[in-house]
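Peer 1: So Swiss-Prot lists these for the protein:
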ACT_SITE  Cys113  active site
ACT_SITE  His250  active site
REGION    251-255  region 'ACP-binding'
ACT_SITE  Asn280  active site
Amino acid sequence: MIRSVVRGIGSALPKRVMKNTDFEGIVETSDEWIVQRTGIRERHIAGKGETTVSLGAAAARAAIENAGLQPSDIDLVLLATSTPNNTFPASAVAIQRELGITRGFAFDLQAVCSGFIYAITTADLYIRGGMARRVLVIGAETFSRILDWTDRTTCVLFGDGAGAIVLEAAEGHGLTSDRGILAANLRSDGNHKEKLYVDGGPSTTQTVGHLRMEGREVFKHAVGMITDVIEASFEATGLTAEDIDWFVPHQANKRIIDASAKKLHIAEEKVVITVDRHGNTSAASVPLALATAVADGRIKKGDLVLLEAMGGGFTWGAVLVRW
């Protein structure tokens, strides 16, 4: 059987780092208040000339180089983002051009913070269906451009950045010891769409709008939804939490991460946390955390890695991958 194996990984962050203390002159807040409630200490903010496309292209180049490939080897460019450069054409097409790729196809996918999980799952389907051999999967965001900088409950939470992986078709044996994606589960429930949304859009207000969130409501649903979809992935493979080498969750809030790991009985030392350095980078969150753990030597070939995310909609999902 065909498996989708991770061949390369890369990331990119804006130059500017904004610390919690930098917010004290903007809104009524403090470093202590932010850290206590979120675990965030700093985040990167896109500056002039830094966009979703430029960050995504930089992460993509790094992933292709890490894979030992050339841009011309890529069949599909799949970008998960909620902050595209333009309403259309797709920012994935712009990244395709930046990389000099003139073959295959490219498109954007939008599932907010769950975007990268949705994108990996979509890429896996294209690979296993024979429509692509190598897929460049990117999560890139510039959420700082849709924040209300007078709302202290949201503006302190988010950062900008990008992460990317190259998935490649490889022959597997249908075993959980195979390298590659072993299971993926996606969910959504539009009944919760008013709990985390942007109050604008081309079809309604003809503006971009700003991010709005009912933080307590999101927190209330997050842990249960996340653990349910993870347990479904375990059931599909016969694996358990004890088999997990690394848990790479969406980096939204350390409280949610800790509560999810505890409910799943995943040891603290197996949890990859970058929310303290990156904040919530939406669709870029999981690949940025993955890239960090690969770069520092934690995640190694053969490790069983659990990925999960939850975002506006609500959307949520989980992926089990053998590195």
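Each Cβ is built from the backbone N, Cα and C atoms, and glycine gets one as well.
These numbers come from a predicted model, not from an experiment.
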Peer 1: If you draw a 10 Å sphere around the Cβ of His250 (active site), how many other Cβ atoms fall inside it, taking every protein chain shown into account?
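Peer 2: His250 (active site): 29 neighbouring Cβ atoms within 10 Å.
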Peer 1: Provide, as an integer number of angstrom, the distance between the C-alpha atoms of Asn280 (active site) and Cys113 (active site).
Peer 2: 9
Peer 1: Looking only at the region 'ACP-binding' (251-255), report the model's average pLDDT.
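Peer 2: Across the residues of the region 'ACP-binding' (251-255) the model's pLDDT averages 97 on the 0 to 100 scale.
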Peer 1: According to DSSP, folded down to helix, strand and coil, what is Asn280 (active site)?
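Peer 2: Looking at the DSSP assignment, Asn280 (active site) belongs to a strand.
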Peer 1: So if I draw a 10 Å sphere around the Cβ of Cys113 (active site), how many other Cβ atoms end up inside it?
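Peer 2: By my count, 32.
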Peer 1: For a quick check of packing: other C-beta atoms within 10 Å of the C-beta of Asn280 (active site), how many?
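Peer 2: Other Cβ atoms found within 10 Å: 23.
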Peer 1: Per DSSP, how many helix, strand and coil residues does the region 'ACP-binding' (251-255) have?
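Peer 2: Taking each residue of the region 'ACP-binding' (251-255) in turn, the totals are 2 helix, 0 strand, 3 coil.
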Peer 1: Provide, as an integer number of angstrom, the distance between the C-alpha atoms of His250 (active site) and Cys113 (active site).
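Peer 2: Answer for this pair: 7 Å between alpha carbons.
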